[in-house]
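S.K.: So that we are looking at the same thing, I have put the structure below in structure tokens.
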């Protein structure tokens, strides 16, 4: 049996990293002009008449929706495992809480460093971007779910957030690609990174006994699914341009997701010989339509375009769960617990392509001259760029993301393979008992009440 | 045994209808001026100084609340059944996803067709209205829950959305009735439609064995209840006038719902001989106060008026569950799984009456002259209308809704009675096994760990 | 056995109090100028150009987040008990619904009485404050969870809301303390009040058998935890100043909470000999970072300051659960079901101290001259007050809160100790059977289907 004792390792990593966060925040992080008390003067200087022009009011509702997606959405989506609910929702909570802090720093250094004073200035958009980065880490978590220790997860998060920020800087700031909902930045990156990690951590003798659901764990999982599904329009529009950009991003994502549900259920039913629907598909593939809208949602894709993308992605994602995942496990030795290849990597890839095509096809007639400049930020260093060129840069961004995520995932996978991180043995995977104090489950309610003496004996230990 | 095989029927319906949506959206649906890239020019043309004037910022937070009510609220509310959790939340997901697409078209043709170019222009308010229409279908779903196939549900949704749009057009556009939170349009319509359908689908030998809850299914259901309850102020104010209209709609609904909880629990306790509270009432009747505010929430009803309406509706709804539902099943042959008569139909009817009286009692003193015109839209074809007349039109709208929903429900009921839609046999009602792949439930957690060998044998099949 | 029959008591209390609410609302409560139809004239009078300046748009999204915290957050957090889920979520629903109504009146009399007409004018901020007051009652509920009758809870709520409003008036209006997120007003008050009540209600022979969780009840509880955690930034910023105040309040709380998660898990793991994480800590102590930000969130604490506060509070709260709670039960005879001392009272106390220090350290350099006046409301009767003096008043507010909550709690405790409120006997504590109709739990899903005849016999009673 492996040594899975977390008593010193996990507290040490948590406390040292939290201490590092405090020191680095102390040195670098400051309020930006909209969250600083100087706002009262900034308004006068910028001739702003109303507090409503503070970005807080444009983005805070979307931020909270994204926040729910990250903590409840991803956390509960993964509770489908019959014996890994605590690990799913609890480790999700832990690594997201670390990732958002580290992301504020990493993204800050790359994107919002004030060169006058060397400080990172943060506001509500920084919080959204930090949550986005955490989402990418949680996607990767889905691939290794149940097979790693919390220390491994924290180490993965440390490296993944770092590489995420590098990739984001290259494709958004250097290449000038657009990716407001993160088909590339978030989903492709987190997806391929996680697949690479789980490939390196391949377990030939993995005990799959506990890799399955029970009736109520599937319902808990649907809580996650629905919150992801409902709030995805906010996810894809949270950092889009004020006004029509956010508005259109929400509409396109809404349409794509609705279409995706119908095609997912169609394919799920048609591929099972009794025509029954599979909850795994409903829990996961219905969301692929949101992933595939990540790049193009804010663009003038047209609503029926969104329906087409959502419909096709639902089909592809569901087929991926049915046919591709088993093949990937058998031939590529990729054990992908949550099927992130089908929910994030492939749909993210589709989203990147849709985005590149939509960008390349943009015209002044559709966007207006000023609208085109605003939509694609053909300003500053990208002044004068034209849509077809933009399409090329979108494709370049796609390639960069693929390369960095795969190479990064492989390297991090080898780091996580080191023997002292406390990962579970093959027969203890997908089991909360390894890292959590688990209450003894007694026979349920009414049976108990007829049988109190036995009960008293067995449950003394778990009182709160 | 009936043939419940869905393998070809369900995929065919899903795929054909989704294809039809794509084609019709391609022909008809376009972004409106606030979600189109031309917004940058529209702002100049309309002399709008801030992107915040985009309707998105007035309505998007309310939209997301409504969206949660439709997918999590209705979906989880119905998971109270011990063996029908997948069907409740899964079919809810499916038919709502279809309904919102079809509603965008149907409501668009009636309400937002641009006669210059023959296109439907959509924005955030269209999404809210589509969600409202889906809510109406889900209400009807509650009546037939557990007794129909997904194909029947999709067919019901197709017709119900169509009739909903017709009814909405007649009462709002032709009669000029006000119904921002849909006491008539949504709740009465969905309620009486569903009751008519379930009457036609009456099963004399229905096996009620599985028509009941277990401890944890009742808790899942409370998730639905609470989200409906909490976000109902958003529901009733989502499409009200900007400013005081939305503000007042939220306050009135908040007050009505709070009162409704106390009277529901009072009546639940007083009618049981041991004085115990019944979860069915807490899950359902507590919401009736929101339904009954659907028409009058945006009006100057006064907060204590809202408390009175909420209090009375809680009493009536709870009494309905206790006394009326069994009578309706026995004498009217109406098998109403979720008790939608008590939660939607009756409270919607009360809401319609309250709305008519409140409208008729409106005065310029209370509203101001301009406020009265704005509140009741006494503009355009309704210019010069006075409150007492408005009250009459509200009453007319009530009658129209009742007629269309009942007649429509009867006709659709007969369509759904056709023998080839794959509905379950009497003994398989309320059972997920018919349409879903259901994981085998093993003894729970700690028992399992002492008993691993047996486990391995039984759970190989359901790994993900 | 005690007489726990609720049949006449509970309905009587609910109905009489609801009737009283209607009458008092009729006499006192009116719409304020932003929710009244006269808004259309108010806008002109105040030279407001846009409906967006209506406070509704500044605060409604935060209000809804707070609303979710009160009803789903607190309600589900307490469902960790294996047999008390109905009571947790159901009584939470009941007493919160009463408390918000009574709070609108009590807070209205103290804070928003219009002396011209003797009416209380309410708007969205009133709803937030009413929810805040309900939160305080629910905190106290956590201490007595499982050991009292619903009638006792309603009586506790009546007195606690009253005292809450008195304390709030003294410390905010008379002393001029700042406490936007309620470290003192909400958490210290509710915490110490509840601890005093449960001390007086001490049960020497309490049967702790059912005071524990099962696997799925711990997952239900995590729903509550996560919604509280995610929306706490809204809680602490909901009634802050428009603009930078709300913006900064959200950022500080976000940071503090993230840090708190890491230190909670570190301490949870290090204190258990096998290094396993305890769900009790994850469910509760992770939230302490939000409580401790209640006073200082809107101040220029700096983000790293928030991280320090969150980190330390996570450590202290977790240690409290492990070491302090057993000692308090043993030596102080305080039986604190949910550990509110560790989650609310102590962190609230820390928050009060942090707030006092942060206020005392405020400078014009950091805030600007106008910003300082705005941030601390050095206007009207507090014109000319300086930060160091403000720090003193914050400390005074702390003492007042402690005194009122403890004395009030003791008195209310003795009232609740009267023998006719229907509290459960020692062996029936933590058991839903006493006050709720509980469905019989049969063996779960697939076992059932092989065993239908037995089933039919046993479940006829609980059909809906």
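Numbering starts at 1 and runs along the chain as displayed.
Glycine is no exception: its Cβ is also placed from the backbone N, Cα and C atoms.
Where the annotation comes from TrEMBL, it is an automatic prediction and has not been curated.
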S.K.: Of the ranges C:122-146, C:272-296, which one does TrEMBL list as transmembrane segment?
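M.R.: My reading of TrEMBL: the transmembrane segment range is C:122-146.
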S.K.: Labelled transmembrane segment by TrEMBL, one stretch among C:33-52, C:153-172. Can you tell me which?
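M.R.: Among C:33-52, C:153-172, the range TrEMBL annotates as transmembrane segment is C:153-172.
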S.K.: Taking a Cβ cut-off under 8 Å, which residues six or more beyond the ends of the transmembrane segment (C:214-232) line up next to it in the same chain?
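M.R.: 65-66, 68-69, 72-82, 85, 253, 257, 261, 279, 282-284, 286-287, 290, 293.
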S.K.: What mean pLDDT score does the domain 'Ammonium transporter AmtB-like' (C:55-432) have in the model?
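M.R.: The average pLDDT of the model in the domain 'Ammonium transporter AmtB-like' (C:55-432) works out to 95.
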S.K.: Can you name the far-off residues of the same chain, 6+ from the ends of the transmembrane segment (C:153-172), with a Cβ under 8 Å from a Cβ of it?
M.R.: 13-14, 17, 91, 94-95, 98-99, 102-103, 106-107, 109-111, 133-134, 136-137, 140-141, 144, 178-179, 184-185, 189-190, 193, 197, 396-397, 400-401, 404-405, 408, 411-412, 415-416, 421
S.K.: Are the transmembrane segment (C:303-324) and the transmembrane segment (C:395-416) close enough that 3 or more Cβ pairs fall under 8 Å, when only pairs 6 or more apart in sequence count?
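M.R.: No, since the transmembrane segment (C:395-416) and the transmembrane segment (C:303-324) share fewer than 3 Cβ pairs closer than 8 Å, they do not count as touching.
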S.K.: Would you mind listing the long-range same-chain contacts of the transmembrane segment (C:66-84), meaning Cβ under 8 Å and 6+ residues beyond its ends?
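M.R.: For the transmembrane segment (C:66-84), the list is 92-93, 96, 128, 131-132, 134-135, 138-139, 141-142, 145-146, 210-214, 217-218, 220-221, 223-225, 227-228, 231-232, 234-235, 238, 279-280, 283-284, 337-338, 430-433.
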S.K.: As a test: from C:122-146, C:184-202, C:252-271, pick the stretch that has the greatest number of Cβ pairs under 8 Å with the transmembrane segment (C:344-362).
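M.R.: Of the candidates C:122-146, C:184-202, C:252-271, C:184-202 scores highest.
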S.K.: Any residues 6+ beyond the ends of the transmembrane segment (C:12-31) with a Cβ under 8 Å from its own?
M.R.: 94, 98, 101-102, 104-105, 108-109, 114, 117-123, 151, 154-155, 158
